[in-house]
Amino acid sequence: MPAMLIGYGFVYWDKAILGSASLFGMTTDLQLQVMDYSTSPATKDTSRLSWATSIFYFGMMAGLYPMTFVLQRFRIQHVLGPVVMLWAITCAATAGVTSWQGLFVQRFFLGFVESVIPTGFMTVVSGYYTQDEQSLRQAWWFSGTGWFTIIGSALNYAFGQIESGSLKSWQYIYIFAGVLTFLFGIWCCFMPNSPVEAWFLTHEERVVAVERLRRGQTGVRCQVIKKDQIVESFLDIKLYLIAIMMAAA
């Protein structure tokens, strides 16, 4: 659970870096902010920066279904590990972007690969905890957003003070975030697929973990998409309340 909290903190952090990078010269270097001389007086056009922020979520929406499909079909560590490392490389590669068009492409693919995390983490939690326990555990890893609002901002500010070296300060931020995320990806490669394979549990603890799920009439994994469950979810008011909450956030 602590590792998942940190991992989801990385999800928030590399999205939020764009705001800090903009303060440390990214808008000028990539021409994300230009002067509009068609108005009197001239105004600053920040639409490119706005689109750079928004296009991340288009990529995430595009990746949610295929990532969910892959997670359902293959072992969790065989999906999360490689995809998280690809996410890390994509994040670090931001330092090599030289134009606003390139940033748009990078942000889309960053959102695409990051879309594996929410579904992947929910899959992990549902495979280890009972239904009564899942809500609190989901909240725990999601709280990484709050933690990295503080930690990430401090790190961004620290790297923003770098004035030496061959790179701009905002480029160092992305490289550092990519390195940390890559280490998390390595950890994901060793994530057990279910309590039955959990290397950190004894044989007796594995039996207890599976029995707890059996009593709640839930299984470790299900590779079948059931239409009645889809219909039931759309009829559940909590789905819409969560959607409103996330949109408001």
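Every residue gets a Cβ built from N, Cα and C, even glycine.
The domain 'Major facilitator superfamily (MFS) profile' annotation in TrEMBL covers 1-249.
Residues or ranges marked as transmembrane segment by TrEMBL: 49-71 (among others).
Only residues 6 or more beyond the boundaries of the transmembrane segment (83-102), in the same chain, are considered here, and those with a CB under 8 A from a CB of the stretch are 7, 14, 30-32, 48, 52, 67, 109-110, 113-114, 116-117, 167, 171-172, 174-175, 177-182, 184-186, 188. Residues or ranges marked as transmembrane segment in TrEMBL: 83-102 (among others).
Taken from TrEMBL, the feature transmembrane segment applies to 108-128 (among others). Same-chain residues lying 6 or more positions outside the transmembrane segment (108-128) and placing a CB less than 8 Å from one of its CB atoms are 4, 7-8, 11, 14-15, 55-64, 67-68, 70-71, 76, 79-80, 83-84, 86-87, 90-91, 94, 134, 137-138, 141, 191, 194-195, 209, 213, 218, 220-221.
Among the features that TrEMBL reports, transmembrane segment is placed at 140-159 (among others).
Among the features that TrEMBL reports, transmembrane segment is placed at 171-190 (among others). Same-chain residues lying 6 or more positions outside the transmembrane segment (171-190) and placing a CB less than 8 Å from one of its CB atoms are 3, 6-7, 10, 13-14, 17, 20-21, 24, 77, 80-85, 87-95, 155-156, 159-160, 162, 165, 199.
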What else in the chain is close to the transmembrane segment (140-159), if you only count residues 6 or more beyond its ends and a Cβ gap under 8 Å? 1, 4-13, 16-17, 20-21, 121, 125, 169, 172-173, 176
Quickly jot the same-chain residues contacting the transmembrane segment (49-71) by Cβ under 8 Å, restricted to those at least six beyond its ends, or write none. 15, 18, 22, 27, 32-33, 79-80, 83, 100, 103-104, 107-116, 119-120, 123
